[in-house]
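If you check TrEMBL, you get these features:
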TRANSMEM  12-35  transmembrane segment
DOMAIN    72-282  domain 'ABC transmembrane type-1'
TRANSMEM  78-97  transmembrane segment
TRANSMEM  109-131  transmembrane segment
TRANSMEM  169-188  transmembrane segment
TRANSMEM  209-229  transmembrane segment
TRANSMEM  266-286  transmembrane segment
Amino acid sequence: MRRKSFNRREKLQYLSLVLPGLLLFTIGLILPMFLSFSYSLTSWDGMSAAKPFIGFKNYARFFTDPFAGQAWIFTFKFTFWNTIIQNVFALLFAIALNSAIKGKKIYRTVFFIPCLISAIIVGFIWLRMFINILPALNRFLGTNINFLLFGSGKTVLAGLLLANNWQWIGYWMLIYLAALQSIPGELYEAANIDGATTLGKFRHITIPLLAPAFTICIVGITTGSLKVYELLVTSTWGGPGRASTSIIYYIYNTAISGRQYGYGSAMSIVLVLVLFLVALVQLGFLRKKEVQL
């Protein structure tokens, strides 16, 4: 009887620890998702009391909406290049800072500082750079380089990638750096004794032991890039035209500015499902690679 009573008390104690977090999770995530789904089945404008039920018409509209398709194309392009560039440069900088160079702590701090700045501010900084500072440098040097990357549909993606990578490479660099520093030095010493080349050590020691860091960085950068929004608000406003309209930017404009809350909710539900599936596929694939390496 005492043991049963003790087990009951233990369970209540554990429940009291878990319940607040579970409650916050339900209120902050599950409930809003449920409400969004219910709104997605209506033609609600976000203001009026009436919420006419229209079933899955918003979802059918989403998959035939050319502007939504254009927003998805831009979002996937941005995500693809962002994931490659940030991972490559973050790893290269981490390897450089893991070597015996002077001022490593200073470089580490300098690289990390941009990620502490809000994406709203980053967008404004790079807008001023392209409009004011770099053209002034052009005039000073007597050159004719086109720095107005945000002003053309052909170059706006490059400008946004530059701004986003400037902000986040330092963050992912620290993750790779921590992983590099956790690799035992004895492994490299043994490889040196065996006559392994630098490339061989990188291929057979560094890469396999960095596999968990690759998983974290690739999934983190991919999901973060798919949700790009704040950077656009103060830099391109989705332009020129619709050239840099991401899917979240389009959802916001449609739901809030366009007062089509039901349709915006349907697009939000689809986006959540896409994010979930992308993360699930990446995690499954990368976990298998970790085992193989």
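Using the three backbone atoms N, Cα and C, a Cβ is placed for every residue, glycine included.
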Stretch with greatest number of CB pairs under 8 Å, the transmembrane segment (209-229) reference, 12-35, 78-97, 109-131, 169-188, 266-286 candidates:
266-286
Six or more residues beyond either end and a Cβ under 8 Å away: which residues meet both conditions relative to the transmembrane segment (109-131)?
93, 147-151, 159, 162-164, 166-171, 173-174, 230-236
Are there residues at least six beyond either end of the transmembrane segment (78-97) with Cβ under 8 Å to its Cβ atoms? List them, or say none.
104, 107-108, 111, 157, 160-161, 164-165, 168-170, 172-177, 179-180, 210, 214, 217-218, 221-222, 225-226, 228, 246
